[in-house]
């Protein structure tokens, strides 16, 4: 009986239900569509994916149902909803594409626009235009035309945004330029370390061409500072350059532990600086500003790729954006006049209420959209260097500072971690693991349950990690001389470790990551021979090591070469076997283990190395398994490397070397992975590797600018003639 009632309700009010569901989905997408830029939550992604797909399919189904169903005179208002469904297909401004591939399907959406526009026009003609008996039908007809125009423009806006949001379209915009000579309207200068987030965001807009160029393999050059009169000029017509002294490929600062009253550790920078950068960009605070600027630029790139920003944040796009608002407002007034002239009882009360909900909702959403566009940072950027509009720019930025808009464009500040030794010694729920194995999800279950997140701790904050990476002049030098194909070899050679270069040159990338991950763990989990080794540097090194393992295991698409799945699985199984041997040898029950298990496993691995012989650690494996190790031999290669470098790794210089190896490897991965892989991660919260990569592109630009300005000083060429 209950089932029959629900079926009758569905048959009687199918269109009403679908239209309200379509409107509710628009509200959900508007509320949550932009949150994925800062969140990597799988639950949120699934919910948005379902809503994104359901929004289109629901509107299409309702339009199709309207075109074939017949309605009594009292329900003719249902036809008035057809343009609203077209409006819903246009979607909210903050999500046009769920995935990067959606932008490539813009022609399919264009075809859908044409077909659905014809369908909506047919519904209006069938029920309203051709119904001469409708009392005061001209008013409803005019309201329908207004809403049809709004829906057509809204959906056309989405198709246009999808086309503009394609990386190939962004790349083609550079083809119109004669060259890649360019200069930002607002440079980073001395004293910018104290600017707030809103000012950083304006500088992000000014430097956005560097970001777009990085995603399309176009390098922006600062040679535009040569003016047509033979002189050199910066953004303000004045150039300031200060010669620097010294050059080093080691870390530019040392870390020293100072146990004060609260045990706080401080870092002391060396007095000399690198000639690669302007002096002010070597300051930690300035590097933090530059990193924040890169994060905001990536949020702007997200806007271009996944929202309507490429369309609505232009002067003509903003004017077009007015059409849906004005059309909806006109339709609202015309509809009120139409309802008032027909009298009560002419239309179904339910249909009238739904019509008012749709009209009021559309009007409010369009007004919000227009206000948000007008008060956005894109608008501030538009007026930034236009004389006579400073009062408007100041007014908008004042309002934005009140609500802290710019800070919401910053990265979430968390790095995913995955450690093989921790995984090998962890307790596993036998029942759940068995069920996961039966359904083919054991690897997925293990990875999800045994990964972690780093957001900073008392030894190393996220700001410390960012500065450590960006302050490495060796990495910047590799980018400048075009030797960014190094993935650790330069760091090893700089520290006279030529015998270990084969681990990053002759081995595949996935095997190199696995080997140095184990070497790093062995070095960190053992007591340091040098008490001056900074805990901050140790923690930063471990974070990078675990992060690269996370990318290898969880996001192999971020790696430039083909990643072999069974490599890390075989290494993990070998570590698990070693832990079993370790537990049996110790003869202790699991609950009696007092030391961290991973530390005990590290000791056990090192015990396999017979220091009185020159045999490889795998020589001590019993049962003749040495010849059948396969990729698991990486474990014993790592032990060999650690023992070969033990005296070095116990010192500050040794830990700096490992850190530099990881930075080189990370930048190598970032530079050689596909640009699509970086772009896809922007819709999943973004990745630290992308931020570091883009920050280094900015440092490269300013380094080339510094070199160019020093040539001006050396040749005594005036800034202007």
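Quick reminder: no glycine exception, Cβ is built from N, Cα and C everywhere.
Which of 243-279, 280-316, 317-353 counts as region 'Disordered' depends on TrEMBL, and there it is 243-279. Helix, strand and coil residue tallies for the domain 'DUF4220' (293-422), in that order: 100 helix, 4 strand, 26 coil [DSSP]. Sequence-remote contacts of a segment are chain residues at least 6 beyond its ends whose Cβ falls under 8 Å from one of its Cβ atoms, and for the transmembrane segment (354-375) they are 16, 19-20, 23, 26-27, 30, 77, 80-81, 84, 87, 92-93, 147, 150, 312-313, 318, 321-322, 324-325, 328-329, 331-332, 335, 396, 399-400, 405. Between the transmembrane segment (13-31) and the stretches 43-63, 137-155, 315-334, Cβ pairs under 8 Å are most numerous for 43-63.
Outside the transmembrane segment (137-155), and at least 6 residues removed from its termini, the chain residues within Cβ reach (under 8 Å) are 77, 79-80, 82-87, 89-91, 113, 116-117, 120-121, 124, 128-129, 131, 320, 323-324, 327-328, 330-332, 334-335, 337-338, 341, 362, 366.
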